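Listed features, source TrEMBL:
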- Thr162, Gly183, Asp205, Asn248: S-adenosyl-L-methionine binding site (BINDING)
Amino acid sequence: MKWTELKITTASEAVEAISALMVEMGASGVAIEDALDVQNYVEDAYGELLDKENLNHVKEGAIVKAYFPETIFLPEILPAIKERIAKLPEYGLAIGENKIEMSEVAESDWATAWKKYYHPVNISRYLTIVPNWEEYEAKSADEKIIKLDPGMAFGTGTHPTTMVSLHALEIVLRGGETVLDVGTGSGVLSIASKHFGAKEVHAYDLDEVAVAAAQENMDMNPVAADVKVSANDLLKGIDIQADVIVANILADIILRLIPDAWNLVKPGGKFIVSGIIEDKKAEVLAALTAIGFEVTEVLQQADWFGIILTKPLEGE
Ligand SMILES: C[S@@+](CC[C@H](N)C(=O)[O-])C[C@H]1O[C@@H](n2cnc3c(N)ncnc32)[C@H](O)[C@@H]1O
């Protein structure tokens, strides 16, 4: 089958908004090349995040490539796409060069091309993410392994915002908790939560592609077989009291989530937010503390921040 590729040269901070727009406009898949991913490359004692040898990567800004099936006539929707992208600066997102190019490609070129860049990632001493197509043996009995095929969903584990979320989960989870994972993407944070001892985990995503990918990843990881994955807009309509709520989403979406998170997290429970850039940190912190959350810890990886918050116990 032939596909149309829409290649958008943009700035790193607009990547998620443009990817979400592409999916909304009917793209079946989105591939991202972000210069920040390479700049923020972390090589640690435990292993390799990215295969630099093989890497022919964008050096500045970012490129979002979206793939539309033949059934969508792109020239018809292109003006609307251009208009929506041109408006992103009004929401505080730079769009860099904003060059938009269209071409035809064969499916096999895009659906699997990115896989060659990803290898096992040692997130911490106790947690390793292994792409489903790679062989890997745990180096110690304590090492927990997450098998992952993100497919077209966000969440290979290598993005700094995911790593910050994983570290925060490792800090707060002690065992026996109920966790809500908002914007689960590939499901990586839910699987990690189960490894860290969570008893009950509910994973939500607005994007049906992510919901399907997350479910497949739960099925691939026996520890997460009982995670309940469903399509949902943030925590709207959810009535589950949680010990921990985790959300790795853009700051503007986190702002919308705060009231429901406050209502659903138990007193003494934690709210972990990630995906926040420096420019948005003060605004998000102000909204979180205004409702009553207390800041427990601020984590940072590269240009991205994550915050662990506590809902005070009643009477405190
Ligand atoms: C940055 S990705 C995080 C994926 C994964 N949790 C991780 O940490 O790697 C954000 C996810 O939030 C989802 N999302 C965006 N808006 C949402 C909404 N209103 N409700 C639920 N999910 C949403 C996106 O589809 C995407 O999968």
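Including glycine, each Cβ sits where the backbone N, Cα and C put it.
Note: TrEMBL annotation is automatic and uncurated.
A simple way to gauge crowding: the CB of Asp205 (S-adenosyl-L-methionine binding site) has 28 other CB atoms within 10 angstroms, across all the protein chains here. In sequence order, Tyr204, Asp205, Leu206, Leu234, Ala247, Asn248, Ile249, Ile253 constitute the residues six or more apart from Gly183 (S-adenosyl-L-methionine binding site) in its chain with CB-CB distances below 8 Å. Among the residues the record lists as binding S-adenosyl-L-methionine, namely Thr162, Gly183, Asp205, Asn248, the two farthest apart have Cα atoms separated by 15 Å.
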